[in-house]
């Protein structure tokens with residue numbers, strides 16, 4: 001009875017974590033797009049604000065004894081910190097240069113890329129039917145991108161880089177937490193300032209720092225408040241991503257992302273009046289079909305594995 005109660009509590013915590021991630025993830029997409037469209041705040045500078053606020057938020061958390069910091073060798077976290085920069089910067093650049101629909105649909109490619117990374121780099125195996133679901137997912141993304149009336153080649157380059165780096169980042173987060181025996185807050189607390197320092201060095205080479213369009217430029221109070229709010233929500237997103245991947249898996253995180261996929265697409269067309277052609281709609285349906293088939297097969301296989309374990313003497 002006690003074990004059943006513990007399992008239910010564990011499932012309840014995961015459900016709350018997933019719901020929280022759903023809300024803040026959708027909010028950060030719309031808020032960042034609003035900042036880009038209506039205020040023109042520079043991308044890397046906004047990402048730097050996100051990282052600094054994330055580190056300050058974690059500093060407050062550890063002072064409140066929510067978690068205990070753990071010293072880690074910088075060399076063991078360097079690649080993760082670098083991929084964190086690339087993950088956020090390229091994803092935001094994709095959002096800035098694409099419609100929300102194309103931005104969100106391109107992110108669906110994260111699941112196929114994660115499977116490829118785990119297959120070739122970690123020798124994990126996936127069934128044939130799982131592999132076949134990657135065909136409609138990929139085909140749908142290509143259809144939507146090709147027929148997007150606001151197609152932006154640079155935006156698609158950023159989207160592709162974002163997918164690659166995001167996939168690496170999500171796989172490494174789970175691996176590093178187990179390898180270094182740290183929880184999500186401990187890892188993010190150590191890695192966030194490293195990522196901030198990397199961006200602090202990079203920003204002056206790519207964006208103005210002072211004057212019009214610079215991070216310390218003459219911004220309106222409303223723009224600064226929006227940027228600060230974006231940083232706070234980004235902290236919540238980063239923390240929830242670490243928590244979910246650390247307590248489940250990269251694949252589970254991406255399966256849950258399908259809910260965000262649908263809601264974000266709908267919000268983009270409603271809030272930002274993004275155009276939608278019939279061929280784009282077919283692409284979206286094709287990708288959704290692949291995603292749902294993937295989810296169904298993955299859950300079936302997991303249930304089958306549990307049944308076989310339960311039947312063993």
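Just so you know, glycine gets a Cβ as well, placed from its N, Cα and C.
Unlike curated entries, TrEMBL annotations are predicted automatically.
Quick caveat, the model's predicted, so the values are computed rather than measured.
Of the given residue ranges 110-128, 129-147, TrEMBL assigns the label transmembrane segment to 129-147. Long-range contacts of the transmembrane segment (129-147) within the same chain, counting only residues at least 6 positions beyond its ends with a Cβ under 8 Å from a Cβ of the stretch, are 101-102, 105-106, 108-109, 111-112, 115, 156, 277, 279-280, 282-291, 293-294, 297-298, 301. Ranked by Cβ pairs under 8 Å to the transmembrane segment (12-35), the stretches 77-95, 187-206, 218-244 are led by 218-244. Contact check: the transmembrane segment (77-95) against the transmembrane segment (278-297) gives fewer than three Cβ pairs closer than 8 Å, residues 6 or more apart, which falls short of the contact criterion. Mean model confidence of the domain 'Sugar phosphate transporter' (21-294) amounts to 81 (pLDDT, 0 to 100 scale).
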